[in-house]
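Engineer: Just dropping this structure here.
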Amino acid sequence: MGKKLVMAQKRGETRALCLGVAMVMCAVITYYILGTTMLPLYQKSVWTQESLCRLIETNIRDQEELEGKKVPQYPCLWVNVSAVGKWAVLYHTEETRDRNQQCSYIPGSLDNYQMALADVEKVRAKFHERQVFYCFSTTQENETSVLYQRLYGPQALLASLFWPTFLLTGGLLIIAMVKINRSLSILAAQK
């Protein structure tokens, strides 16, 4: 009976140790991937200065063409704001600015024109509700655009690092518990 219990304990310890090592390895790989993809985007982001923006005007523009999409037309929102003591164009994120500089907000689904127009109208109404809001600007003097939301801000970086940290901590705890269990069983066998 005692020998079977020891064999089962060794198998269980081996499996737990393999699980802990696998969790640590997955965390290390994920940290590497995040370090080569997300961290450079965070470091290169120039939109670091948080400013207070005041709404000046909003326009819904139709018949805009989006490069790379098969959708011939879509509505887009154009927003002018006053930020850092000057007029600026507000963009939803960095990607919105890169996709089409004529649009402040591009709806997510471009398949149905009426749904896209309703989405743009809803966003426009929210801007008119809140005339003053926080936005992100750059420290460059000649820049005439600001962002409503940063894609690669500190919150996004911390959110992406949560699960690898959780995996690493869990894996190290499992490995530590197996090692403690082994040392306690050796001490118990010696008595």
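Including glycine, each Cβ sits where the backbone N, Cα and C put it.
Relevant sequence annotations retrieved from Swiss-Prot are reproduced here:
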type	residues	note
TOPO_DOM	1-15	topological domain 'Cytoplasmic'
TRANSMEM	16-36	transmembrane segment
TOPO_DOM	37-157	topological domain 'Extracellular'
CARBOHYD	Asn80	N-linked glycosylation site
CARBOHYD	Asn142	N-linked glycosylation site
TRANSMEM	158-178	transmembrane segment
TOPO_DOM	179-191	topological domain 'Cytoplasmic'
Engineer: Determine the most Cβ-crowded residue among the glycosylation sites Asn80, Asn142, using a 10 Å radius around each Cβ and all protein chains in the structure.
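Structural biologist: The residue with the densest Cβ neighbourhood is Asn80.
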Engineer: Just to verify a number: CA distance, Asn80 (N-linked glycosylation site) to Asn142 (N-linked glycosylation site), in angstrom, no decimals.
Structural biologist: 16
Engineer: Does DSSP put Asn142 (N-linked glycosylation site) in a helix, in a strand, or in coil?
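Structural biologist: Reduced to three states, the DSSP call for Asn142 (N-linked glycosylation site) is coil.
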